[in-house]
Amino acid sequence: MLCSVKMGENLRIPDEEIKGTMDRRVDVYIWDMDETLILLKSLLNGTYAEAFNGLKDVQKGVEIGKMWEKHILDLCDGCFFYEQIENYNKPFLGALSEYDDGKDLSDYDFGQDGLGLPSDDDNKRKLAYMHRVIAQKYEKGLDNLFDQETMKLWNELYDITDKYTDGWLSSARDFLEQCSSGKTETTSTASADGMVDSTDSTYQHVNVLVTSGSLIPSLVKCLLFRLDNLITHENVYSSWEEGKIQCFQWIKERFSSSNVRFCVIGDGWEECEAAKTMRWPFVKIDLRPGSSHRFPGLTLRTVGYYFSVVYGSPGAENDKD
């Protein structure tokens, strides 16, 4: 698998999206990935299809899952240095940015740089170089890195999966787009005489991913499942080693302001317990057909109810039903 990117430019990882937003209300949606924004494990083990009581072909779901698994691993190893850095997982790409000296990497040979133990400054710098290049590739997107034939193959698999899952992938992506749009909403207040006064206020919405998987495969999944333009690489966290509570604490520090509200959305016990510890609302995703806490099904109105229970302020106006 061929993959090219211009590597000479030093990449900084600022939090510019956060600056300038603290004068408005900011809603931070903290997402789990697997069995929430995407389906993979439940396809591979058949639990997604089994929830439909015979209406879904279990083996077809398994085959779809295996194809995704292969593409994810191929892309990780062929383009994102995963074979070299698998044992050096970090919680986010900027974790070692202080060790990146800005060296021009145009002619840098990553295959011969000798990355390994001990975890000293020299090896941290080598890993920081790789993280910089990975971030650049993520920003470029797969369309700018691969030929049309390869993209066609991935797009066909995406469409097959979306059809098999009744639109789970596309509706989850649409929901992310609503969450990240940042729009002017209208708040209506009824007076004693029945007249309704409307005032406009601006809201900012941010999507953050905290996945229990390791960092590089999680970034690759974002690319393959078309989430990269809705979740920036700065907002992808791996809780593989640090745990979700630690990741949530880092996120809270990044978005520290009295105007910020947080909501966690996922399917697992770990994010549920971490949200409870942080005293944040938690929306549990349910794979079963007919549930409103799944895709398609989940709406901003529903999430708004969870916001209001914890923060004591209306959040249900966000819906676009």
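Glycine too: its Cβ is placed from the backbone N, Cα and C atoms.
Straight from TrEMBL, the features:
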type	residues	note
ACT_SITE	D32	active site, nucleophile
ACT_SITE	D34	active site, proton donor
BINDING	D32, D34, D267	Mg(2+) binding site
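D267 (Mg(2+) binding site) has a Cβ environment of 20 other Cβ atoms inside 10 Å. Excluding the listed site residues D32, D34, D267, the same chain places M33, E35, T36, L37, T211, S212, G266, G268, E271, I285 with Cβ atoms within 8 Å of the centre of the Mg(2+) site Cβ atoms.
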